[in-house]
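A.B. asks: So Swiss-Prot has the following annotated:
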TRANSMEM  14-34  transmembrane segment
TRANSMEM  77-97  transmembrane segment
TRANSMEM  130-150  transmembrane segment
TRANSMEM  163-183  transmembrane segment
TRANSMEM  203-223  transmembrane segment
TRANSMEM  237-257  transmembrane segment
TRANSMEM  268-288  transmembrane segment
TRANSMEM  299-319  transmembrane segment
TRANSMEM  326-346  transmembrane segment
TRANSMEM  377-397  transmembrane segment
TRANSMEM  409-429  transmembrane segment
TRANSMEM  459-479  transmembrane segment
């Protein structure tokens, strides 16, 4: 009997990276069922191995790869974003090997969910079909909510519930957008929707775009959709808070680039204008809120929101140069933010000994240089990098984006970016002042800052610092690498 399905047409190699990670995740669960006494070091190394093999499969592709009747698309955007997703997913894993044995990091389920979450992000960035993007979005989101809740304290449960609520709203808006797009264009493929928008003056597509902007706004923590995001960061472990600030957002930006940039030439002029306004509001208001925070983790939460506003400017501009700038900016920001959250994790205590609510009040870092000089200097480096002070990492991303804005005629946008960069310097320098110019608290001693230290965390902090310093030498290599694929 003739086969009904031609597996050659499906091109299973197009989902090889997702299949590899799914198999590793299932293997972790089965192995844990057989033996409950396996250490977290083994789980960490196994997860890193799965991610490394995933990267190997990615570099095995040559050119654009399509599969499953064009539902899966591995193009330049997908390839570059998956490299970033996998790279930082690998770099966050050693942070689980902390000195303190936190509940979530010792569970095999944590590592399985971690891999399933990454599978979701890979599907999000490797498709132009809105249903596949939705499946990836939900797969990653449900795993992420659980990972936050596994931290096993009241505020972590609260953070997970708040994030779940925001995610549910995002999914609802996304589903509304999908339904309306299908009604207007009879397709869920982004290119077909774009074609329909260019050839019809449909109020339906405009309405769908409004819902989609709201949905992606929640996922990227853009103002006014950011709502509970600072509370989510505060309640999450430093590992997951740092991860939330980097990996989910690059997946969201790729979806935004695919959808919105394809619609700029249509009859729907308000899309670009709306994103422009949201980008300016996100940069500015998040910066202002960061100025008044009393906790370093919450400050970094608003800082991450502001940086998302900067990167959204690349989507607004919509040129090839701006798209390259997006990848450059996010890579440079990610190294600095990884380092900053790693330092917070390094100095984390299980008990709230510094403040009745916060784990990392600014006062905690008073005089830190006297106890941890090496860590203090590296934290200062990360703050200077995030502030965009030359010649460190984020400076190059900001310069590239500002150059793209000016060359494309977005002069006002470039001015707003420059003003917000100046505002951000204050709250980044604030922690440097605490570490180097203020006297330590009376109960402060070196052992209190080292209770969660480990060689793995020290390695990630040092590695991030080296990359922030070497940023000037990485810019041309990275931009040339990205240019080959987009």
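Glycine residues also receive a Cβ, built from the backbone N, Cα and C atoms like all the rest.
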A.B. asks: Excluding the flanking five residues on each side, which residues at least 6 beyond the ends of the transmembrane segment (326-346) place their CB within less than 8 Å of a CB in that stretch?
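C.D. replies: 80-81, 84, 88, 91-92, 95, 98, 237-239, 241-242, 245-246, 249-250, 253, 257, 296-297, 300, 304, 307, 310-311, 314-315, 359-360, 375, 378-379, 381-383, 385-386, 392-398, 400-401, 449, 452-453, 457-458, 460-461, 464-465, 467-468, 471, 475, 478-479, 482.
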A.B. asks: By a Cβ-Cβ criterion of under 8 Å, what residues six or more beyond either terminus of the transmembrane segment (237-257) are in contact with it?
C.D. replies: 77-78, 81, 84-85, 88-89, 92, 95-96, 102, 104-105, 118, 121, 124-125, 133, 136, 140, 144, 147-148, 151, 156, 216, 219-221, 297, 300-301, 304, 308, 311-312, 315, 323, 326, 330, 333-334, 337-338, 340-342, 344-345, 348, 359
A.B. asks: Hey, which of 14-34, 77-97, 203-223, 409-429 has the most Cβ-Cβ pairs under 8 Å against the transmembrane segment (459-479)?
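C.D. replies: Per the Cβ under 8 Å count, 77-97.
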A.B. asks: Between the transmembrane segment (409-429) and the transmembrane segment (299-319), are there at least three Cβ pairs closer than 8 Å, leaving out pairs fewer than 6 positions apart?
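C.D. replies: In this chain the transmembrane segment (409-429) contacts the transmembrane segment (299-319) - 3 or more Cβ pairs sit under 8 Å.
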A.B. asks: I'd like to know if the transmembrane segment (377-397) touches the transmembrane segment (203-223) in this structure, counting it as a touch only when three or more C-beta pairs sit under 8 Å and are separated by 6 or more positions.
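C.D. replies: Taking Cβ pairs at least 6 residues apart, the transmembrane segment (377-397) and the transmembrane segment (203-223) are not in contact, as fewer than 3 fall under 8 Å.
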A.B. asks: Below 8 Å between Cβ atoms, which of the listed ranges 14-34, 268-288, 377-397 makes the most pairs with the transmembrane segment (299-319)?
C.D. replies: 268-288
A.B. asks: Which sequence-distant residues neighbour the transmembrane segment (163-183)? Criterion: at least 6 residues beyond either end, Cβ under 8 Å.
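C.D. replies: Beyond its ends, the transmembrane segment (163-183) has Cβ neighbours at 130-131, 134, 137-138, 141, 144-145, 148, 193, 204-205, 207-209, 211-212, 214-216, 218-219, 225, 227-229, 232.
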